[in-house]
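Comments concern the structure below.
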Amino acid sequence: MVEDQLTLAEAKEKLAIRQAQLKKWAVEYYQNDAPTVEDSDYDLVYQEVIDLEYQFPELITPDSITQKVGDQTKDDLPKVEHLQPMLSLGDVFSIEALDDWMNTMQQSTSDFLEYNAELKIDGLAISLQYTNGQLTQASTRGNGQIGEDVTANVLNIKNIPHQLTEPLNLEVRGEIYMPKAAFVSLNEQRDRDGLAPFANPRNAAAGSLRQLDPQITKQRQLAGFIYQVVDLQNQLEVKTQSELLIRLANLGLPVNLTNQVVDNINTLKNYIEEKTAKRDDLAYGIDGIVVKVNNLDLHEALGATVKVPKWAIAYKFPAEEKQTILKDIEWTVGRTGAVTPTAVMDPVQLAGTTVSRASLHNPEYLKAKDLRIGDTVTLHKAGDIIPEVGMAVLYQRPKDSVPYDIPNHCPVCGDELVHVNGEIALRCLNPFCPAQIKERLTHFASRNAMNIDGLGPKIVEQLLDRGLIKTIADLYQLDEVELLKLDKFGPKATQNLLQAVEQSKQNSAERLLFGFGIRTVGAKVARQIMQKFKTIDQLAKASVEEIANIQGLGLVIAENVVQYFQESLVQELLTQLQQLGVNFAYQAEAPVTVLPEFADQKIVLTGKLTMFSRSEAEKWLEQHGAQVVGSVSKKTNLLIAGADAGSKLAKAQDLGITIWSEQDFQDIMQKQP
């Protein structure tokens, strides 16, 4: 709460500081999908701003963060103006505050009120526009008035229907989220790709949905729940929120039907306790309970502020937090040389699991929190999944504690650690570091790289310990006699491994490029690069500018690739691999016959295709030289419109873009092989 003795000048100064802090955090959260603080920390500062503005209403300005919804949209996504503002929800953090809100609602009407309690899905708000039952537009909340057009991406979310069961014109709203299992899998893949992991499922969902490439969204296994309708014509003919959820489900929309109608605080409290107890067992993250006045007619009567509806409130779960002792800090070395600190703690039960280790991310994180060996530290789970160290409990700090010294040398090989190009991460640049070699070889053999079945981390470690391999090239010179000497490695396992190694020589070159483990070059980027340069030899000669010109790559990736191939050890490796018969050429899935109509053309598909599937159309276009993109812009060359085409067709017409019908496209296809 705000101190009573604050003067107007002091309050103004304090408010300016808190507003700047919140706006910075909001940009990190809403635009960059990379928050640096916990939701609970944000909520505390936000509540302080509310208190200040309540005590000094003359300090409220139109640009105050309390007067806005969300934050600005990303510049590189098309914009959508909402028919009705997409508001956020007010928050309460205690049962007492929830009871006060319910009493306020009851005092506003003579009717006896019921409330619909629903799970608060931890995701990204979404608006879906259906025209004649067909999904024609999807947009994020953005700043509440203007959101981002993510239609092409939402069409790749499996449980969002492209067609309703009835030919209705309406807008529905809900939440896009990433299931917990998908989040864990994604972060594991990002770790293998040398990319920073997402902090929590909510940010992973936001980052996955707000992509320029719909195929990335498709790979991320997002899902959605719908809970609201903007039905200006009252087509659904429902009277309550609880009835609405059932009606939406009958339309084929994904709806979370774990809701309960309540009419008093005790029943609501029981519902909250029940759902809190089952929170860890859910396949998706929730961060609270949403309580809505059940009577839909009262929603309009109760109204809204510029930021929140008055007829709904969000009860936010308190973050489950435990205390434990920080016993040690271990440093591990990844395949790109980055060293990562890990907290080793006394085991503690947290959110259903025993936790004794947690990543400390990077040296700056460790410094900022001033964590010391022997400290009592707080521990919570980010997004209900990832154990994360919060802060040291200073009043319990041992008197003889000393600041933790960040290591200057690699914990494995002893080489000096450095910051490369101003990075936060510390790196070991020794290419012969045993830890890096093990990680590089394991990555090279992994499924998305060279897919050498049977060559996992334990086998790689045995091969290294026996001195049988030191480099990637050594994998292709393994000796059967030596392999038979490995632990639990009989004739069959030996033959299977040698056969898998031999088969990997024929892989297309994008697998080889990904297998090299170049920083920032994931499997998709490797494929894009090899589609352009065709052979590893040609790529090795390419300039930064040539690589950076590939759409979606940019300078950082290009510089990393060029720097990699300039290394003398890499050049020696390439020579060895060629001599050993490893394929260096990109192998297209099907022969490409580039047609003049499609060569380097950016083409958008929209509407319902009846003569072939969308994936078949995309594949055919790409095989004939086109680039299929998800949204219409000034750079779009052609739009192919199927039945019930919506906003993309209208936008293409406004921009004067060439438009083909599905039949026009079919005629061209039939003339070609």
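Cβ atoms are placed via backbone N, Cα and C, with glycine included.
TrEMBL: automatically predicted annotations, no manual curation.
Features reported for this protein in TrEMBL:
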BINDING   ASP39, SER40, ASP41, TYR42, ASP43, SER88, LEU89, GLU118, ARG141, GLU175, LYS292, LYS316  NAD(+) binding site
ACT_SITE  LYS120  active site, N6-AMP-lysine intermediate
BINDING   CYS410, CYS413, CYS428, CYS433  Zn(2+) binding site
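The two recorded residues CYS410 (Zn(2+) binding site) and LEU89 (NAD(+) binding site) have their Cα atoms spaced 48 Å from each other. CYS433 (Zn(2+) binding site): 21 other CB atoms within 10 A of its CB, across all protein chains. Sparsest Cβ environment among the binding-site residues LEU89, CYS410, CYS413, CYS428 (other Cβ atoms counted within 10 Å): CYS413. Taking the Cα atom of each, CYS413 (Zn(2+) binding site) and ARG141 (NAD(+) binding site) are about 49 angstrom apart. Its own atom aside, the Cβ of ARG141 (NAD(+) binding site) has 24 Cβ atoms within 10 angstroms in the protein chains shown. For LYS120 (active site, N6-AMP-lysine intermediate), applying a Cβ distance below 8 Å and a minimum sequence separation of six or more within one chain yields ILE286, ASP287, GLY288, ILE289, VAL290, ALA314, TYR315, LYS316. All chains included, 26 other C-beta atoms sit within 10 angstroms of the C-beta of LYS292 (NAD(+) binding site). Ranked by CA distance from CYS428 (Zn(2+) binding site), the binding-site residues LEU89, ARG141, LYS292 have ARG141 at the top as the closest. The DSSP secondary structure for CYS433 (Zn(2+) binding site) is coil.
Neighbours of the Zn(2+) site: apart from CYS410, CYS413, CYS428, CYS433, residues of the same chain with C-beta atoms within 8 angstroms of the site's C-beta centroid are VAL333, GLY337, HIS409, PRO411, VAL412, GLY414, ASP415, ASN430, PRO434, ALA435, GLN436. Across the fold, the C-alpha of ARG141 (NAD(+) binding site) and the C-alpha of CYS433 (Zn(2+) binding site) stand 47 Å from each other.
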